[in-house]
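As recorded in TrEMBL:
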type     : residues : note
DOMAIN   : 11-331   : domain 'Adenosine deaminase'
ACT_SITE : Glu199   : active site, proton donor
SITE     : His220   : site 'Important for catalytic activity'
BINDING  : Asp278   : substrate binding site
Amino acid sequence: MNQAELIRALPKAELHVHIEGTFEPELMFAIAQRNRIEIPYKSVEEVKQAYNFHNLQSFLDIYYAGANVLIYEQDFYDLAWAYFEKCAEDHVVHTEIFFDPQTHTDRGIAFETVITGLKRACDDAHEKLNISSHLIMCFLRHLSEDAAFETLQQALAYKDQIIAVGLDSSEVGHPPSKFERVFAKAREAGFLVVAHAGEEGPADYVWQALDLLKVNRIDHGVRSEEDETLMQRLIAEKMPLTVCPLSNLKLCVVDDMAQHNIQRLLQQGVKVTVNSDDPSYFGGYMNDNYFAIAEALNLTTEELKQLAKNAFEASFITDAEKKMWIERIDALI
Ligand code: HPA
Ligand code: ZN
């Protein structure tokens, strides 16, 4: 088996993907047309040309605009189903999907519409594609603490359909400390918790996510390398980082894939995983992310297998399921 064949053959778990970030321009056009919504582009080509962002905020502006065409339950179903088809192609067997309810409820779309469409796609993916999944509800950190509390309140009615809460959107200027009380209430209600930290924001935000939000995983976290004491803590606590290589390249978190720190972090014993973040916007799904780092960093077979195993270990599936997938990875040669 050559390296590309190994990457394709590895069973993979995805732990960092925003469902709104899987919105392919073709589907965006089709949904805009059937919902009779104007979008500021004449063609799929024009949409793709608009994807020339160079930092998180310039990306987010376009990402939120694209989500405006999603109105009906079927739209959310179609969005998630298209992503599950990509998972099937890439042999992603388990995925933990972020969704941003506030992007939709602020436009007058009911929370119920969003979650019902997504959940129905998750159920169908399990039945028809044999892909398991969990939903993670993210708070938009550029919005207020009050707005996050309101969103948490709405989520309580769907507690059994949401495994965890997370924190995304514009990082710098919106530290984890802003959401300490909301996360405490979410944990009390029985949600697991994750947060984006150390993508564009400093290592201090990773400390805050650990100490104030008490997260089970850090999303991104690549800037942790700037703080040696933090690195020792991540290693000692086996704290997973959900790293997104193509995202980091596209948003200029790194200048060049050959300089990405995922291999250094892995070699030091940090539990890093590979993820696609917003694959429609950043140039690729799970396997594209593996291909990009394998080539730029000359990853070994053992390193690739370790990355895939880390994702199952860091996931929110049962210990028996983790063991089964890890044994399957070990059995690959
Ligand atoms: N960072 C923060 N917010 C986001 C991202 C991201 O990478 N993708 C979608 N929302
Ligand atoms: Zn993200």
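Please read every residue number as a count from 1 along the shown chain.
Cβ coordinates are placed from backbone N, Cα and C, and glycine is handled just like the others.
Summarising the environment of Asp278 (substrate binding site), the number of other Cβ atoms within 10 Å of its Cβ, over all protein chains shown, is 24. Within the set of recorded positions (Glu199, His220), the lowest number of other Cβ atoms found within 10 Å of a Cβ is recorded at Glu199. In this structure, the C-alpha atom of Asp278 (substrate binding site) lies 14 angstrom from that of the residue listed as 'active site, proton donor'.
DSSP assigns the residue listed as 'substrate binding site' to coil in the three-state reduction, placing it in neither a helix nor a strand. Looking at His220 (site 'Important for catalytic activity') and the residue listed as 'active site, proton donor', their Cα atoms lie 5 Å from each other. If you average pLDDT over the domain 'Adenosine deaminase' (11-331) in this model, you get 97.
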